[in-house]
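Undergrad: Got a structure here, written out as structure tokens. Questions coming.
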Amino acid sequence: MDPVDPNLEPWNHPGSQPKTPCNKCFCKVCCWHCQVCFLNKGLGISYGRKKRKHRRGTPQSSKGHQDPVPKQPLPTTRGNPTGPKESKKEVASKAEADQCD
């Protein structure tokens, strides 16, 4: 490796800057163009100013999206309609009857 002139600034050293300028292309070659391109394009890290995302205004026809919810039929219950408490009592009474036999 050739010795570098000590009076030269680091950013002016030979090979410190690419021969072509950076562009907005995201292809594999352009992602490896320089360290800045690699950070921005390859890794998606940018320390620049963030752009504001514009919020879309609500259309005039909609009133705050306050549409009524359509009524749905109640779900039908399956199994024993009397509930689990009475079924436990029935099981207990059957168990007592079996013990007596």
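Cβ coordinates are placed from backbone N, Cα and C, and glycine is handled just like the others.
Among the features that Swiss-Prot reports, Zn(2+) 1 binding site is placed at C22, H33, C34, C37, with the record citing sequence analysis. Per Swiss-Prot, the feature Zn(2+) 2 binding site maps to C25, C27, C30. Annotated compositional bias 'Basic residues' per Swiss-Prot: 48-57, in sequence order. Taken from Swiss-Prot, the feature compositional bias 'Basic and acidic residues' covers 85-101. The feature ubiquitin cross-link is assigned by Swiss-Prot to K71. Marked as N6-acetyllysine by Swiss-Prot: K28, K50, K51. The annotation region 'Interaction with human CREBBP' is assigned in Swiss-Prot to 1-24 on the grounds of sequence analysis. Annotation source Swiss-Prot lists region 'Transactivation' at 1-48, citing sequence analysis. What Swiss-Prot records for 22-37 is region 'Cysteine-rich'. According to Swiss-Prot, the region 'Core' annotation covers 38-48, on the basis of sequence analysis. According to Swiss-Prot, the feature region 'Disordered' maps to 48-101. Annotation comment: Swiss-Prot describes 49-86 as region 'Interaction with the host capping enzyme RNGTT'. What Swiss-Prot lists as site 'Essential for Tat translocation through the endosomal membrane' is W11, and the listing cites sequence analysis.
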Undergrad: Counting every protein chain present, what is the number of Cβ atoms, excluding its own, within 10 Å of the Cβ of K71 (ubiquitin cross-link)?
TA: 6
Undergrad: How many whole Å apart are the CA atoms of W11 (site 'Essential for Tat translocation through the endosomal membrane') and K28 (N6-acetyllysine)?
TA: 25
Undergrad: Far apart in sequence but close in space: which same-chain residues, 6 or more away, have a Cβ under 8 Å from C25 (Zn(2+) 2 binding site)?
TA: none
Undergrad: C34 (Zn(2+) 1 binding site) has how many other Cβ neighbours within 10 Å of its own Cβ?
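TA: Excluding its own Cβ, the number within 10 Å is 16.
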Undergrad: For the binding-site residues listed here (C27, C30), tell me which residue's CB has the most neighbouring CB atoms inside 10 Å.
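TA: That would be C30, with the most Cβ atoms nearby.
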Undergrad: CA-CA, which of the recorded positions C22, C30, H33, C34, K71 lies nearest K51 (N6-acetyllysine)?
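TA: Ranked by Cα distance from K51 (N6-acetyllysine), first place goes to C22.
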Undergrad: Look up C34 (Zn(2+) 1 binding site) in the DSSP assignment and report helix, strand or coil.
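TA: Going by the DSSP assignment, C34 (Zn(2+) 1 binding site) belongs to neither helix nor strand, so it counts as coil.
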Undergrad: For the binding-site residues C22, C37, which one has its C-beta crowded by the most other C-beta atoms within 10 angstroms?
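TA: Result for the most crowded candidate: C37.
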Undergrad: With DSSP as the reference, give the number of residues of the region 'Interaction with human CREBBP' (1-24) in helix, strand and coil.
TA: 3 helix, 0 strand, 21 coil
Undergrad: Suppose the Zn(2+) 1 site is C22, H33, C34, C37. Which further residues of the same chain have a Cβ inside 8 angstroms of that site's Cβ centroid?
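TA: After dropping the recorded site residues, what remains is P18, N23, C30, W32, Q35, V36, F38, K41.
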